[in-house]
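Undergrad: Take a look at this one; I'll ask things after.
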Amino acid sequence: MDPKIKNKSNRTIENDKGETTRMAKDQSRPVKLAMMVLNSVLVVVTDLWAGLLGSAVFRRHFHLLLSGVVLFGPAMSLWVSKYSIFANRNHYLYRMFLRSGWGWTCVFTGSFVFVLSFSIRRSLSLSVRHLSRIATVGALRWGSRSLLTLLENMAGSCYEPMPATLVGGLNLGQGASVPGQSLLLIHEGERKASCLKAGMLWQGWEVSEDTLLLCLCCLLLAEETAVLGPYLALGGPSGPPLRLLFLLCVSLLGLWLFLLLCLLAYFPQFPSQLLGGALGCLGWRGLYQGWYRLQPSWCCPGWPGEGLLITTQREPYSERDVHDVWPKY
(Lines of atoms letter the chains of each structure in order from A and count residues from 1; the text may use other names and numbers.)
(Lines give C-alpha, C1' and ligand atoms only; values in the text may rest on other atoms or scores of the structure.)
Protein backbone atom coordinates (compact mmCIF):
# COMPACT_ATOMS: atom_id res chain seq x y z
CA MET A 1 0.00 0.00 0.00
CA ASP A 2 1.15 3.49 -0.80
CA PRO A 3 2.56 5.17 2.38
CA LYS A 4 0.63 8.36 1.60
CA ILE A 5 -2.66 6.49 1.39
CA LYS A 6 -1.83 4.58 4.59
CA ASN A 7 -1.03 7.79 6.51
CA LYS A 8 -4.22 9.41 5.24
CA SER A 9 -6.23 6.40 6.38
CA ASN A 10 -4.65 6.52 9.85
CA ARG A 11 -5.40 10.24 10.17
CA THR A 12 -9.00 9.60 9.17
CA ILE A 13 -9.35 6.90 11.84
CA GLU A 14 -7.77 9.15 14.47
CA ASN A 15 -10.08 12.00 13.51
CA ASP A 16 -13.09 9.69 13.78
CA LYS A 17 -11.97 8.55 17.23
CA GLY A 18 -11.43 12.13 18.35
CA GLU A 19 -14.84 13.15 17.04
CA THR A 20 -16.47 10.21 18.86
CA THR A 21 -14.70 11.13 22.09
CA ARG A 22 -15.82 14.75 21.80
CA MET A 23 -19.40 13.69 21.14
CA ALA A 24 -19.34 11.37 24.16
CA LYS A 25 -18.00 14.16 26.36
CA ASP A 26 -20.65 16.56 25.06
CA GLN A 27 -23.39 14.03 25.80
CA SER A 28 -22.07 13.30 29.30
CA ARG A 29 -21.91 16.96 30.32
CA PRO A 30 -25.68 17.31 30.99
CA VAL A 31 -25.62 14.11 33.03
CA LYS A 32 -22.67 15.31 35.09
CA LEU A 33 -24.33 18.70 35.56
CA ALA A 34 -27.56 17.06 36.71
CA MET A 35 -25.66 14.82 39.13
CA MET A 36 -23.82 17.83 40.55
CA VAL A 37 -27.11 19.70 41.06
CA LEU A 38 -28.77 16.70 42.72
CA ASN A 39 -25.77 16.13 44.96
CA SER A 40 -25.77 19.79 45.98
CA VAL A 41 -29.48 19.63 46.79
CA LEU A 42 -28.91 16.44 48.75
CA VAL A 43 -26.13 18.03 50.79
CA VAL A 44 -28.11 21.20 51.53
CA VAL A 45 -31.31 19.38 52.54
CA THR A 46 -29.40 16.86 54.64
CA ASP A 47 -27.42 19.57 56.43
CA LEU A 48 -30.61 21.49 57.23
CA TRP A 49 -32.45 18.48 58.68
CA ALA A 50 -29.34 17.19 60.46
CA GLY A 51 -28.85 20.58 62.07
CA LEU A 52 -32.48 20.66 63.20
CA LEU A 53 -32.61 17.13 64.59
CA GLY A 54 -29.20 17.48 66.22
CA SER A 55 -29.91 20.79 67.92
CA ALA A 56 -30.19 20.86 71.68
CA VAL A 57 -33.57 22.61 71.52
CA PHE A 58 -35.13 19.88 69.41
CA ARG A 59 -33.66 17.02 71.42
CA ARG A 60 -34.76 18.54 74.72
CA HIS A 61 -38.31 19.41 73.68
CA PHE A 62 -39.37 16.89 71.04
CA HIS A 63 -40.87 14.54 73.63
CA LEU A 64 -42.87 17.48 75.01
CA LEU A 65 -44.18 18.23 71.53
CA LEU A 66 -45.15 14.59 71.09
CA SER A 67 -46.88 14.56 74.47
CA GLY A 68 -48.85 17.65 73.51
CA VAL A 69 -49.94 16.00 70.26
CA VAL A 70 -51.20 12.92 72.10
CA LEU A 71 -52.92 15.00 74.78
CA PHE A 72 -54.68 17.54 72.57
CA GLY A 73 -54.83 15.62 69.28
CA PRO A 74 -58.31 14.12 69.92
CA ALA A 75 -59.70 17.66 69.98
CA MET A 76 -59.15 17.80 66.21
CA SER A 77 -62.04 15.33 65.82
CA LEU A 78 -64.36 18.34 66.23
CA TRP A 79 -63.16 19.83 62.94
CA VAL A 80 -62.20 16.90 60.69
CA SER A 81 -64.69 15.41 58.25
CA LYS A 82 -65.90 11.87 58.80
CA TYR A 83 -66.05 11.48 55.01
CA SER A 84 -62.31 12.03 54.57
CA ILE A 85 -60.25 9.22 53.06
CA PHE A 86 -58.26 9.06 56.29
CA ALA A 87 -61.43 8.23 58.23
CA ASN A 88 -61.35 4.78 56.63
CA ARG A 89 -59.46 2.23 58.74
CA ASN A 90 -58.66 0.25 55.58
CA HIS A 91 -56.80 3.15 53.97
CA TYR A 92 -53.59 2.23 52.17
CA LEU A 93 -51.37 4.11 54.63
CA TYR A 94 -52.85 2.27 57.61
CA ARG A 95 -52.58 -1.13 55.94
CA MET A 96 -49.14 -0.61 54.43
CA PHE A 97 -47.29 1.21 57.20
CA LEU A 98 -49.17 1.20 60.48
CA ARG A 99 -49.61 -2.56 60.75
CA SER A 100 -45.90 -3.11 60.10
CA GLY A 101 -44.62 0.11 61.63
CA TRP A 102 -41.98 -1.51 63.79
CA GLY A 103 -40.54 -3.37 60.80
CA TRP A 104 -40.21 -0.17 58.76
CA THR A 105 -38.56 1.58 61.70
CA CYS A 106 -36.09 -1.24 62.27
CA VAL A 107 -35.08 -1.47 58.61
CA PHE A 108 -34.56 2.26 58.05
CA THR A 109 -33.04 3.13 61.42
CA GLY A 110 -30.90 -0.01 61.56
CA SER A 111 -29.51 0.65 58.08
CA PHE A 112 -28.65 4.23 58.97
CA VAL A 113 -26.98 3.29 62.27
CA PHE A 114 -24.98 0.48 60.67
CA VAL A 115 -23.78 2.52 57.68
CA LEU A 116 -22.83 5.47 59.91
CA SER A 117 -20.97 3.46 62.53
CA PHE A 118 -19.23 1.05 60.14
CA SER A 119 -18.15 3.74 57.67
CA ILE A 120 -16.53 5.73 60.48
CA ARG A 121 -14.75 3.09 62.54
CA ARG A 122 -14.76 -0.03 60.33
CA SER A 123 -15.53 -2.06 63.44
CA LEU A 124 -18.19 -4.73 63.20
CA SER A 125 -18.38 -5.16 66.97
CA LEU A 126 -18.98 -1.42 67.47
CA SER A 127 -21.70 -1.43 64.81
CA VAL A 128 -23.40 -4.42 66.44
CA ARG A 129 -23.23 -2.66 69.80
CA HIS A 130 -25.02 0.38 68.40
CA LEU A 131 -27.58 -1.83 66.67
CA SER A 132 -28.29 -3.52 69.99
CA ARG A 133 -30.06 -0.35 71.12
CA ILE A 134 -32.74 -0.95 68.48
CA ALA A 135 -32.94 -4.63 69.42
CA THR A 136 -33.44 -3.63 73.06
CA VAL A 137 -36.30 -1.32 72.13
CA GLY A 138 -37.81 -4.16 70.10
CA ALA A 139 -37.58 -6.49 73.08
CA LEU A 140 -39.21 -3.83 75.26
CA ARG A 141 -42.04 -3.43 72.76
CA TRP A 142 -42.60 -7.19 72.55
CA GLY A 143 -42.57 -7.56 76.34
CA SER A 144 -44.93 -4.63 76.92
CA ARG A 145 -47.29 -5.91 74.23
CA SER A 146 -47.42 -9.37 75.82
CA LEU A 147 -47.94 -7.89 79.29
CA LEU A 148 -50.69 -5.55 78.14
CA THR A 149 -52.46 -8.39 76.34
CA LEU A 150 -52.33 -10.48 79.50
CA LEU A 151 -53.71 -7.65 81.64
CA GLU A 152 -56.48 -6.93 79.14
CA ASN A 153 -57.55 -10.57 79.13
CA MET A 154 -57.60 -10.61 82.92
CA ALA A 155 -59.46 -7.32 83.39
CA GLY A 156 -62.00 -7.52 80.53
CA SER A 157 -65.05 -9.63 79.80
CA CYS A 158 -66.61 -11.04 76.64
CA TYR A 159 -70.31 -10.48 75.93
CA GLU A 160 -72.63 -11.96 73.35
CA PRO A 161 -75.71 -10.02 72.17
CA MET A 162 -78.91 -11.98 72.89
CA PRO A 163 -82.44 -10.87 71.93
CA ALA A 164 -84.66 -10.82 74.99
CA THR A 165 -87.64 -12.13 72.98
CA LEU A 166 -85.94 -15.52 72.81
CA VAL A 167 -86.60 -15.97 76.50
CA GLY A 168 -90.09 -14.49 76.47
CA GLY A 169 -89.08 -11.11 77.89
CA LEU A 170 -86.92 -10.69 81.00
CA ASN A 171 -87.31 -8.55 84.10
CA LEU A 172 -84.86 -5.66 83.87
CA GLY A 173 -84.87 -4.88 87.57
CA GLN A 174 -87.82 -2.45 87.41
CA GLY A 175 -90.55 -5.09 87.25
CA ALA A 176 -91.13 -4.47 83.52
CA SER A 177 -90.67 -6.89 80.69
CA VAL A 178 -89.43 -5.33 77.47
CA PRO A 179 -89.88 -7.61 74.46
CA GLY A 180 -87.11 -7.33 71.89
CA GLN A 181 -84.67 -5.72 74.37
CA SER A 182 -81.07 -6.74 73.53
CA LEU A 183 -79.28 -8.11 76.55
CA LEU A 184 -75.69 -9.25 76.95
CA LEU A 185 -74.77 -12.79 77.88
CA ILE A 186 -71.34 -12.96 79.51
CA HIS A 187 -68.75 -15.55 78.46
CA GLU A 188 -66.20 -16.27 81.15
CA GLY A 189 -62.65 -17.31 80.31
CA GLU A 190 -62.67 -15.86 76.80
CA ARG A 191 -59.65 -14.01 75.46
CA LYS A 192 -60.01 -10.67 73.75
CA ALA A 193 -58.69 -11.90 70.39
CA SER A 194 -60.96 -14.95 70.24
CA CYS A 195 -63.93 -12.92 71.49
CA LEU A 196 -63.62 -10.31 68.75
CA LYS A 197 -62.93 -12.97 66.14
CA ALA A 198 -66.20 -14.69 67.06
CA GLY A 199 -68.10 -11.44 66.47
CA MET A 200 -68.87 -10.81 70.14
CA LEU A 201 -68.32 -7.71 72.27
CA TRP A 202 -65.35 -7.08 74.55
CA GLN A 203 -65.61 -4.67 77.45
CA GLY A 204 -62.73 -3.68 79.65
CA TRP A 205 -59.79 -1.30 79.87
CA GLU A 206 -57.20 -1.27 77.10
CA VAL A 207 -54.11 0.58 75.92
CA SER A 208 -53.84 1.80 72.34
CA GLU A 209 -51.00 -0.26 70.86
CA ASP A 210 -50.94 1.90 67.74
CA THR A 211 -50.33 5.07 69.76
CA LEU A 212 -47.69 3.33 71.87
CA LEU A 213 -45.90 2.06 68.76
CA LEU A 214 -45.97 5.39 66.91
CA CYS A 215 -44.73 7.37 69.92
CA LEU A 216 -41.94 4.89 70.58
CA CYS A 217 -40.89 4.84 66.90
CA CYS A 218 -40.90 8.65 66.67
CA LEU A 219 -38.72 9.01 69.75
CA LEU A 220 -36.35 6.27 68.56
CA LEU A 221 -35.94 7.87 65.12
CA ALA A 222 -35.36 11.30 66.66
CA GLU A 223 -32.65 9.94 68.98
CA GLU A 224 -30.80 7.78 66.46
CA THR A 225 -30.77 10.29 63.60
CA ALA A 226 -29.83 13.27 65.79
CA VAL A 227 -26.20 12.13 65.84
CA LEU A 228 -25.63 13.11 62.20
CA GLY A 229 -25.83 16.85 62.94
CA PRO A 230 -22.98 16.91 65.50
CA TYR A 231 -21.02 14.46 63.35
CA LEU A 232 -21.16 16.80 60.35
CA ALA A 233 -20.40 19.78 62.59
CA LEU A 234 -17.16 18.05 63.63
CA GLY A 235 -16.15 17.69 59.97
CA GLY A 236 -16.99 14.01 59.56
CA PRO A 237 -17.09 12.74 55.95
CA SER A 238 -20.43 11.60 54.58
CA GLY A 239 -21.33 10.10 51.24
CA PRO A 240 -24.63 10.04 49.32
CA PRO A 241 -25.70 6.61 50.69
CA LEU A 242 -25.52 7.84 54.28
CA ARG A 243 -27.32 11.06 53.46
CA LEU A 244 -30.06 9.23 51.55
CA LEU A 245 -30.62 6.84 54.45
CA PHE A 246 -30.83 9.82 56.79
CA LEU A 247 -33.47 11.51 54.62
CA LEU A 248 -35.44 8.25 54.47
CA CYS A 249 -35.43 8.13 58.26
CA VAL A 250 -36.57 11.76 58.43
CA SER A 251 -39.37 10.99 55.94
CA LEU A 252 -40.42 8.01 58.05
CA LEU A 253 -40.48 10.21 61.16
CA GLY A 254 -42.76 12.66 59.37
CA LEU A 255 -45.02 9.81 58.24
CA TRP A 256 -45.34 8.44 61.78
CA LEU A 257 -46.26 11.90 63.09
CA PHE A 258 -48.87 12.26 60.34
CA LEU A 259 -50.40 8.84 61.07
CA LEU A 260 -50.44 9.63 64.79
CA LEU A 261 -52.39 12.82 64.09
CA CYS A 262 -54.80 10.89 61.84
CA LEU A 263 -55.45 8.27 64.52
CA LEU A 264 -56.05 10.91 67.19
CA ALA A 265 -58.30 13.01 64.98
CA TYR A 266 -60.34 10.37 63.15
CA PHE A 267 -60.35 7.53 65.70
CA PRO A 268 -60.22 9.18 69.15
CA GLN A 269 -60.13 6.68 72.01
CA PHE A 270 -59.76 8.33 75.38
CA PRO A 271 -58.03 7.37 77.65
CA SER A 272 -56.52 4.34 75.86
CA GLN A 273 -54.54 6.53 73.43
CA LEU A 274 -53.31 8.69 76.28
CA LEU A 275 -52.13 5.59 78.14
CA GLY A 276 -50.39 4.30 75.01
CA GLY A 277 -48.55 7.57 74.48
CA ALA A 278 -47.56 7.74 78.14
CA LEU A 279 -46.14 4.21 78.07
CA GLY A 280 -44.23 4.95 74.87
CA CYS A 281 -42.63 8.06 76.39
CA LEU A 282 -41.92 6.16 79.61
CA GLY A 283 -40.09 3.40 77.69
CA TRP A 284 -38.04 5.99 75.80
CA ARG A 285 -37.09 7.82 79.00
CA GLY A 286 -36.09 4.61 80.76
CA LEU A 287 -33.79 3.56 77.90
CA TYR A 288 -32.42 6.67 76.17
CA GLN A 289 -32.47 8.92 79.22
CA GLY A 290 -31.50 6.26 81.72
CA TRP A 291 -29.82 3.01 80.78
CA TYR A 292 -28.13 4.15 77.55
CA ARG A 293 -26.50 7.09 79.36
CA LEU A 294 -24.39 4.73 81.45
CA GLN A 295 -20.81 3.85 80.60
CA PRO A 296 -20.74 1.48 77.59
CA SER A 297 -20.08 -2.13 78.59
CA TRP A 298 -21.19 -5.65 77.74
CA CYS A 299 -24.59 -4.89 79.31
CA CYS A 300 -25.00 -1.30 78.05
CA PRO A 301 -24.78 -0.28 74.35
CA GLY A 302 -24.14 3.36 75.17
CA TRP A 303 -25.81 6.49 73.86
CA PRO A 304 -26.13 7.27 70.12
CA GLY A 305 -22.84 8.58 68.80
CA GLU A 306 -20.71 6.97 71.51
CA GLY A 307 -17.28 6.41 69.93
CA LEU A 308 -18.40 7.83 66.56
CA LEU A 309 -17.96 11.58 66.91
CA ILE A 310 -14.48 12.24 65.51
CA THR A 311 -12.49 15.12 64.08
CA THR A 312 -11.45 15.51 60.46
CA GLN A 313 -8.16 13.86 61.46
CA ARG A 314 -10.25 10.82 62.57
CA GLU A 315 -9.25 11.26 66.20
CA PRO A 316 -11.95 10.81 68.85
CA TYR A 317 -13.06 13.99 70.51
CA SER A 318 -12.68 14.34 74.24
CA GLU A 319 -15.78 14.08 76.40
CA ARG A 320 -15.73 17.84 76.97
CA ASP A 321 -15.48 18.68 73.26
CA VAL A 322 -18.24 16.24 72.35
CA HIS A 323 -20.60 17.84 74.85
CA ASP A 324 -20.08 21.19 73.16
CA VAL A 325 -22.03 19.94 70.15
CA TRP A 326 -23.78 16.87 71.63
CA PRO A 327 -25.15 17.85 75.04
CA LYS A 328 -26.37 15.07 77.30
CA TYR A 329 -29.54 16.23 78.97
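Easy rule for this one: first residue shown is 1, then count along the chain.
Note: Cβ is positioned from N, Cα and C throughout, glycine not excepted.
What TrEMBL records for 1-26 is region 'Disordered'. The transmembrane segment annotation in TrEMBL covers 33-50, 62-81, 101-120, 211-232, 244-267.
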Undergrad: Counting CB pairs under 8 Å, which listed stretch among 33-50, 62-81, 211-232, 244-267 touches the transmembrane segment (101-120) the most?
TA: 211-232
Undergrad: Other than its close neighbours in sequence, what residues sit by the transmembrane segment (244-267), given a CB gap under 8 Å and a spacing of at least six beyond its ends?
TA: 42, 45-46, 49-50, 53, 69-70, 73-74, 76-77, 80, 82, 84, 86-87, 89, 93-94, 97-98, 101, 104-105, 108-109, 111-112, 115, 208, 210-211, 214-215, 217-218, 221-222, 224-225, 228, 273
